Amino acid sequence: MANSFTRMMSGRHTAVILASIGAGTLASGYLLSDHVVAAAERTKLYPPSADFPDLRKHNNCMAAALTPTIYGHLRDKKTPNDWTLDQCIQTGVDNPGHPFIKTVGMVAGDEESYEVFAELFDPVIKDRHNGYDPRTMKHPTDLDASKITSGMFDERYVLSSRVRTGRSIRGLSLPPACSRSERREVERVAVTALSGLKGDLSGRYYSLGEMSDREQQQLIDDHLLFDKPVSPLLMAAGMARDWPDARGIWHNNEKNFLIWINEEDHTRIISMEKGGNMKKVFERFCRGLKQVEHLIQERGWEFMWNDRLGYVLTCPSNLGTGLRAGVHIRLPILSRDPRFKRILDNLRLQKRGTGGVDTASTGDTVDVSNLDRLGKSEVELVQLVIDGVNYLIECEKRLERGQDIKIPSPILQFRK
Amino acid sequence: MPFGNTHNNFKLNYKVEDEFPDLSKHNNHMAKILTKELYGKIRDRQTPSGYTLDDVIQTGVDNPGHPFIMTVGCVAGDEESYEVFKELLDPVISDRHGGYKPSDKHKTDLNFENLKGGDDLDPNYVLSSRVRTGRSIKGFTLPPHNSRGERRAIEKLSVEALTSLDGEFKGKYYPLKSMTDAEQEQLISDHFLFDKPVSPLLTCAGMARDWPDGRGIMHNDNKTFLVWVNEEDHLRVISMQPGGNMREVFKRFCVGLQKIEEIFKKHNHGFMWNEHLGYILTCPSNLGTGLRGGVHVKLPKLSTHAKFDEILTRLRLQKRGTGGVDTASVGGVFDISNADRLGSSEVAQVQLVVDGVKLMVEMEKKLEKGEAIDSMIPAQK
């Protein structure tokens, strides 16, 4: 009895445990030590080998990286918020993946997940981010929009421009793990900060659970409303729990700066507008982000960030900048050219349908954005998109005139 | 999640008001019972395997329910959940099971000889007969909470028990994750194959984790006895056959269950049972007998009679479509089964089905002849 209590005393939640012992746990007949003893017994009965998931039919980054050895090292570890490896990988176990699309297959429950379970996260990150090694490399952050050149596209081709990223509030668990009170705290912190925005950024918040039918319809018509996740990738990671509690949308009066609260990440920040002025979109993006960061710092909060991983988000695929900068662009001739895919690949761009990820394009319009997230700064990635899109427009114009086009040489992956 | 969800202790850092779920738009048994005060009182508890109050209620928080259908809104993660969280689960059980009190005793009777009749339901009307129940295996946590290691151990024990059966129970086990295409086709056309749950009531309770690991189906060679392993409960046991011989179906059910239980007991893993709640299952709605005994029966005239629903209520029966729960009837054929689970025995519940269906078939025949049935309408059972 004394031994198990002594072990508990060294934990970070000593005060809480002492309080809960006094608060009636004894009365229920189940002492905290019963639970500790039971847990120890179960660990003996079920060694890691008994729990190792069957990943033979799986095709995701987690399944490719997880070995019985790594699982054995990590299964009984916990982050300071008591988040476990099994909880990180559940989504990848439940969703074997697609033969052509390699999903990530794991999520973080808190900032510390990336450290405590580094033995698995690091190879997954390396796999997903084209060789970026968190053990040896540093990620550059640069939100100085003044460095952008040629950021105005030919609007006969580019219909709209958009930049999005995510930000997590340090000290609060991430969407797969957060309790209701943590999620509500994220909402409070974010909404309080956003209410301090002024000028072209001033706006208002719409709580998902409390918006009126009219507000809801308006948000749908403006294509701003997000809905409860239905993707099994997100559901299996526990991100839809307690919906719609503490979820909402904030947007400025001009509807070109938008924040989603407590969807897949604590916050998703979006700057967008019709037309081809990507530089302006990025400038507002950076300005808004900096102001929001300043506003939360005034109250003692900060974003999750470190120089290994950049901005820390729920899904490893969004680490680094978490940035997707893209355009809706009409390329009727080029998009049908057999060289289109190779050109995009070499420019480090990807195409999506105009409904976003996993949709098909309508007509000749396609969504083109950066492939990379980690290892290059925001400025670098946006410049890369600008240069790449300008190149695509040049190709389209040349094909219109009956001239030939060249496949550009591939862009280097990382600065050494 | 198993092995000590001490994430619960971390949540205790936050005030009750901040953690209490918003149940203002909810319509399920859990939401009706759980107040902020009750939440505050029991939220610091855990079962020995680490199951917490938030785990119990998550499915009810995520599924506000239907204005007309009252779902339960909570599940057990292990046998001890019903004890540790009794302040919530006892009132939920009482609401769901017709006022069943914490001091009440549940009677178990699986002696098929005690059933009177049941072998003479008219096969011109009664197309098929079926009895199902669930069983949980002592020493393991339940589907919302168990780890892969536990689930596999349950499967291993179950396969050993089920494949050792002989006589009419002799059969084969088909693990979901390694059945061949041909086997899958056959199981589908026999209407035996169960699929990964899609109902958010189940997925939000964590019951579909790691699918299809550790899941499978055993059935006997005659295709009259079927066991699902690790779906919504550790075991779901089904006895069925075409026609109206419910007596035979029930006999096979009881005998099969007894044989299986003996084998589990030999391994010191008997079934979860106590004299208050009967057989312990994942969902509080299935406590007691966990038994649904029913028939597919042709009642085209009676089903359109003004008093049909009242007759069913008085007979303590319920109707479903022939696709099972939440489906519509096709061609006047209904699935008629017992409404009760807790507070009466298996024999008593099947007796209600047998007697009630017999009566309703006679009513149908009367209506066919253009005669009135008012004198036949029974008193409340």
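Including glycine, each Cβ sits where the backbone N, Cα and C put it.
Features as listed in TrEMBL:
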DOMAIN    B:11-98  domain 'Phosphagen kinase N-terminal'
DOMAIN    B:125-367  domain 'Phosphagen kinase C-terminal'
BINDING   B:128-132, B:H191, B:R236, B:292-296, B:320-325  ATP binding site
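Annotated features, which come from TrEMBL, shown on the structure.
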residue: B:S128; record: ATP binding site; contacts (Cβ under 8 Å, 6+ apart): B:M240, B:Q241, B:P242, B:G243, B:V295, B:H296
residue: B:V131; record: ATP binding site; contacts (Cβ under 8 Å, 6+ apart): B:I238, B:S239, B:M240, B:M246, B:V249, B:F250, B:F253, B:L291, B:R292, B:G293, B:G294, B:V350
residue: B:R236; record: ATP binding site; contacts (Cβ under 8 Å, 6+ apart): B:R132, B:T133, B:G134, B:V227, B:W228
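Cβ neighbour count for B:G294 (ATP binding site) (all protein chains, 10 Å cutoff from its Cβ): 26.
All chains included, 18 other C-beta atoms sit within 10 angstroms of the C-beta of B:R320 (ATP binding site). Within the model, the domain 'Phosphagen kinase N-terminal' (B:11-98) carries an average pLDDT of 94. Remark: secondary structure over the domain 'Phosphagen kinase N-terminal' (B:11-98) totals 42 helix, 4 strand, 42 coil, with classes taken from DSSP.
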